[in-house]
Structure formats: structure tokens, C-alpha cells
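Now, the feature entries from Swiss-Prot:
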{"type": "REGION", "residues": "1-40", "note": "region 'Disordered'"}
{"type": "REGION", "residues": "2-96", "note": "region 'Head'"}
{"type": "DOMAIN", "residues": "96-404", "note": "domain 'IF rod'"}
{"type": "REGION", "residues": "97-129", "note": "region 'Coil 1A'"}
{"type": "REGION", "residues": "130-139", "note": "region 'Linker 1'"}
{"type": "REGION", "residues": "140-240", "note": "region 'Coil 1B'"}
{"type": "REGION", "residues": "241-256", "note": "region 'Linker 12'"}
{"type": "REGION", "residues": "257-275", "note": "region 'Coil 2A'"}
{"type": "REGION", "residues": "276-283", "note": "region 'Linker 2'"}
{"type": "REGION", "residues": "284-400", "note": "region 'Coil 2B'"}
{"type": "SITE", "residues": "342", "note": "site 'Stutter'"}
{"type": "REGION", "residues": "401-458", "note": "region 'Tail'"}
């Protein structure tokens, strides 16, 4: 029964393909069961889905072939076996057609995807070319110009600060010198006050001495007046006595002459009194002259001390005013320096923020450029993979078309033999293509691009 089924299948397939008539086989063989044909179909489909090389169609292989029962008798073929083969062939063709439609649909989807990716690739290539052809960005120039301006301002601020510090040091030195002069003037003032106090003691002593001398002069004058009074009383007494004696002389001529004695005594007393008065006046005049000279000297010293003290006071006042002015100038300069430091620190902070923002923008641009390059590289890899898949499908389709358009006359030359899985695997060739693409970039710009392709047949 199996022999009749195989014979009818082959005859039906032959008649369906070439019309009536019986084919002539150089070798008559029959298939044992339907399982052999189905196994051959599944094996062929496996080869189409796995291999990139076209399967050999010169022989019709089966993994399992039943024992061939040959009937050699007057070139007679069992048409029932041909009908069974025809049905199997139709089923196989239907399955292959469905698979081809599925492959065509997948191939069409891949083609659409490839077109879309090629369009995206062209867009990215145009974008990259536009970015490459565009004038170099001025961000770096603006950044350098801004940095130069900031450095110039920092140098200017540094110079101003150094100048202000030099002026401050000079003012501090002047202030120290003025303080030293003030200390010296204060010391001179204290010395003058000490001298003035000493002179005041001398003046007080001189005043006391003058008062004492005045008192002594008064006492001497009183004594002189008292002596004059006593002398006058004595003179009056002597005159009275002289008159009485003169009367007695007139009365008594024999008595000695007392007039000459009285004159001598009067002359002596007058000489003594005149001498005492002259000596007292001379002593008084000398003392008064000495006291006047001492008082004059003391007055001159006091007047000179007062004048020097007034000069020192004026100098102290002028120095105090100058110190106050210098303190005000120093305070204003310190305030200006603090204001300048705060201003320049704020400006420096703003410039640092601007620099950080520009650096962040540059990093973002570099990251974006690197991301575009990675996307471009990924798209290139996808495109190469799709190109390889398209080439594989193209080869599969070409192999399938060559298998379909094979002349049916070779069907008579088919030799049905058992093929082991090891032999089938040896006829399946897989081609592996490895492409290594090297892109060198620097700061987001493509410097060089190189690609290497290696093919290996597995």
C-alpha cells in the first residue's frame, strides 16, 4: 500500500506539472511512508531558516527512507504512488507559499524599517554635516574673552588694593610719627609745666622775700623815724639845756664854754644819723634792686614759659586737628577699601557663577554631541545589521527562486538516499560578518573615522 501511495503521488505531481504521460526513471524506487516526505520538507524549511547559503536542489533528501521495494516489470509505474507524491508536493508547496508570504511580509516590514532608519540616518548625517560645516562656535571665544576681562578686572582691583594698602601704610606711618611727636610735645609740655611750677615756687619765694624786705624796710623806716624823733627830742633837750647853759654862762662867765661841745656832739650825732640813713637807704635800694631784678627775671621766665606754653597749646591743637583729620581720612579710606572689597567680591562671585554656567553649558553641549554621536553609531550599527539581514533574505529569496525555477526534468534524476544529520549540517554554511568601526572624538568633534570588516564562514 505504501508503494502504491508513493507511486501515485509522483505520477500525479508529474502529470500536474507536465501534463499526461508517464515519466521514465532510470532508477525506480518508492517511499515507504508519508512521514519521509514530511521529514524532508521540515528539513528543507530548517535549512532555509538557518542557513545563509542556498540549499542544494540537485537531490531530494530524506532523513528517514523506508526500505525500497522495486518492481522491475516492463517499465510500469504505480500511479497511486504518484498521486500521493503529488498531494505531498502540493502540501509542501502550500506550506512554502505561506512561509514565503510570511517572509515577504517580514521582509517588507524590514524594508520599511530600513527606509525609516535610512531617512533618520540621512537626517542625522545632514545634521552632523551641518554641524561640521557650521562655523566654529564662539562660546569658547566668548569664554576666553570673558576670562580675559575678568583677569584684567582682577589685576586692576589687585593694583588698586595694593595702592590703597600702600597709602594706608603711609598714613599709618604718618600717624605713628604724629603720635610720637605728640608724645614729645606732651613731654615738653610736662617739662614746661614742671619748670613753671618750679618758677612759681621761686616767684613765691621772691614774693615772700620782697614782702619780708618791705616789712623790714617799714620797720627800719619806723626805727629811723623813731630815731629821728628821739634825736629831735634830744636836740630839743640839748638846745634847752644849751639855752639854760648859755644863760648860766652869761651869768657865770667863769664856767667853761659848752657851745662848742654841743656843736661837736650835734655834728657827731648828725653825722651818725646821716650815715645810718645813707647806709639804710643804700641797703634798701640794693635789696629793692636785687628783688626787682629777681622779679624781672622771674617775670621774664614766666612770660617766656607762658609764651612757650601757648605755642605748645597751639601746636597740640593743630596736631590734634591734624590727627583727627588723618583719622577721618583713614576711616574713609578703610570704608572705601571695605566697599571695594565687598563690591569686587560680589563681582568675582558673579563672574564665577557666569564661568560655572558657561562651563556647564559647554559640558551639556559636549554631552549632547556625544549622545548624538552614540545615537549615530547605534543607527549605523542597526543599519549594518539590517543590511546584513537584508542580504541574508536576498540570498534566501534568490536560492528559493532558483529552487522553484529548477527544470522539472531533473526530477527523473533524483536519487533517494538516506542523509544523516551530520551530512546535512556539513552542507549548511553560515557567513559571519564583523565590522569594527572606530570614531575618534575630541570635545564633541569627530577627528577621524575608520572601519574594518571581517567575514567568517562557519
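Using N, Cα and C of the backbone, Cβ positions are placed for all residues, glycine too.
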I need to check the long-range neighbours of the region 'Linker 2' (276-283): which residues 6 or more away from its ends have a CB within less than 8 Å of a CB in the stretch? 220, 224, 227
Run through the Cβ atoms and count how many others sit within 10 Å of the one on residue 342 (site 'Stutter'). 10
Please classify the secondary structure at residue 342 (site 'Stutter') using three-state DSSP. helix
Is it possible to list how many residues within the region 'Coil 2A' (257-275) are helical, extended or coil according to DSSP? 17 helix, 0 strand, 2 coil
Could you give me three numbers for the region 'Coil 1A' (97-129), the DSSP helix, strand and coil residue counts? 33 helix, 0 strand, 0 coil
Go ahead and report the DSSP secondary structure tallies for the region 'Linker 2' (276-283): helix first, then strand, then coil. 8 helix, 0 strand, 0 coil
The DSSP breakdown of the region 'Coil 1B' (140-240) into helix, strand and coil residues is 101 helix, 0 strand, 0 coil
